[in-house]
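Scroll down for the structure; my scribbles are underneath it.
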Amino acid sequence: MKIFSAEQLKKADALTIKNQNITSEELMERAASLTTEEIHKRIQNAEIDIKIFCGVGNNGGDGLVIARLLIEKGYHVKVFVVNYTDKRSDDFLLNYERLKETTNDWPEYIKDEGDFPALSQNDFIIDAIFGIGLNRPLEGWIANLVKHINNSKAFILAIDMPSGLFLDRILKKEYQLISASFTISFQTPKLVFFLPQTMDYVGDLQVLDIGLDREFLNSEKTNSNLISKHEARVLYKPRKSNSHKGDYGHALIIGGSYGKIGSMVLTTTAALRTGAGLVSTFVPKCGYTILQTALPEAMVITDKNEEKLTNIDHSMDPSVICFGMGAGKDQMTVQAFKKLLQATEKPMLIDADGLNMISENKELLEFLPKKSVLTPHPKELERLIGEWEDDFDKLKKVEEFTKTYDVILVLKGSHTFTCAEGNIYINNSGNPGMATAGSGDVLSGIITGLISQQYEPLAAAILGVYLHGLSGDIVAENKSYQALISGDIAENMGAAFQSLFAD
Ligand SMILES: NC(=O)C1=CN([C@@H]2O[C@H](COP(=O)(O)OP(=O)(O)OC[C@H]3O[C@@H](n4cnc5c(N)ncnc54)[C@H](OP(=O)(O)O)[C@@H]3O)[C@@H](O)[C@H]2O)[C@@H](O)CC1
Ligand SMILES: Nc1ncnc2c1ncn2[C@@H]1O[C@H](COP(=O)(O)OP(=O)(O)O)[C@@H](O)[C@H]1O
Ligand SMILES: [K+]
């Protein structure tokens, strides 16, 4: 799903009104009635106090329509107008008049702290103060109102987006914004809903299709995309019945050191479970028996050294090489890695200590094969590209890095961002149960397994990240977040592939 900017959404708005021959007020009615249906579906005529805080722009207009429709359904609704300016949008004014025709319980005006209503944690609060029209940080009594709402501990539903959140920048900590329990957003999700610094303000997310101009949405270019099942499915390549294991490549997985051979078992299992035709694993000697015992399907090659990698002498022509998990950073290993990089032309996957070695020996960067996939977690990323001011600055630095070295960066996190060629693919599968030792090793194996089967590295990264999260979700459903261990993610790849096509 494409993720649009505020400017693009406003353009879509205007085009929709023109092409569908409707008024802006009708579009507002459409968005708000779809939202009301969602609220009604969930709260089912519950006897609760609904308090709606409306700004005086169109986000506030949405709030007024929602108030009217909820009152018509018999809900107990109180409306507060957050009167931050004397200007009002036309659709706000129109819906204000309509609301007054619906109820005798007229909206209360908030003009300063003295007007703040008492709030209880049993209230159901709807935040319709600011949407995509926010143009400066909240200050003075409006900031205090937001603090007051957040402090209520009530359930907060944000309309379109939490008030105070910007679409294109991150505010310093001292600025207030609504911390929503749930956000219902119109037409497309917003990039800030997925950034580590701002995602917590959004709560659970639902995106409503409000029928904005299809042609515009389809043709308009955007560099951010949300990857859900539909988008992942399109990348999948079915197997031909007339095929053999050679068609699915030979993956070479290199890494491990004394005490960390388990990472090799995880990565290798994941590559096999993802469908690589053949998998060879290169480990220090101490890993030989472990791998041969744990995984009879894998072939094992060993270094001369018992405990670490010192000379990666593999004499094969693998379809893809995956390097780094559990490898350590010994100087001999760095030299072995350098020789490997110099001798490799095909895109590689580099993870964990492979990334750390590059960070500590920047001269290795020049030998990175083009289109390689690098999979840092946040600490590894910081070592690689340096510190960043905020998440937007991080994305800018990541873009520069991917363009300079012509690589794909997979920024692992609760929403993993795959970045390449100026584009961002935000993953929408996965769960906190996956924050467990070795789940990154499994991801490396999955992406490697896909590249081995001739997926383009970028497609392999996007699909691999999605399948990894999907498998994690399937495991968590059966085992809980706490009991999920990373080997389960690899073992459940079968269920993940099946689920990709099940609705
Ligand atoms: N296609 C869609 O997506 C649809 C969108 N729709 C809805 O429209 C919403 C966008 O509405 P919008 O453009 O009127 O802007 P909105 O968010 O109400 O704020 C503007 C007001 O805020 C003010 N203001 C700004 N910052 C401020 C501050 N810090 N402190 C104080 N004031 C501040 C600013 O005042 P000014 O700068 O002029 O002084 C202006 O009055 C969108 O999010 C969605 O809910 C649906 O109805 C239909 C389909
Ligand atoms: N809260 C979360 N929600 C979704 N995915 C998560 C979450 N926490 C971690 N993950 C995923 O788990 C993996 C962790 O990788 P990493 O930190 O490298 O672990 P390790 O080094 O133990 O293998 C990443 O793919 C990340 O996206
Ligand atoms: K809002």
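Residue positions begin at 1 at the first shown residue.
Using N, Cα and C of the backbone, Cβ positions are placed for all residues, glycine too.
Remember, TrEMBL labels are computer predictions, not curated facts.
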Quiz item: Which of these, Gly422, Gly433, Gly438, Gly440, does TrEMBL list as part of the AMP site with Lys412, Gly413, Ser414, His415, Thr416?
Solution: Gly440
Quiz item: Pick from Ser24, Ser89, Ser163, Ser179: which one does TrEMBL list with Asn59, Asp127 for the same K(+) site?
Solution: Ser163
Quiz item: Which of these binding-site residues is closest to Asn58 ((6S)-NADPHX binding site) if you go by CA atoms: Gly413, Ser414, His415, Thr416?
Solution: His415
Self-check item: the domain 'YjeF N-terminal' (9-218) [mean pLDDT, rounded to integer]
Solution: 96
Quiz item: Listed binding-site residues: Asp62, Asp160, Lys412, His415. Which have a CB under 6 angstroms from an atom of ligand 1?
Solution: Asp62, Asp160
Quiz item: In sequence order, which same-chain residues at least six apart have a C-beta under 8 angstroms from Ser414 (AMP binding site)?
Solution: Pro196, Met199, Gly430, Pro432
Quiz prompt | Close in space, distant in sequence - Gly440 (AMP binding site), Cβ under 8 Å, 6 or more apart | solution = Met325, Asp351, Ala352, Thr375, His377, Lys412
Quiz item: Looking at the binding-site residues Gly413, His415, Thr416, whose Cα is closest in space to that of Asp160 ((6S)-NADPHX binding site)?
Solution: His415
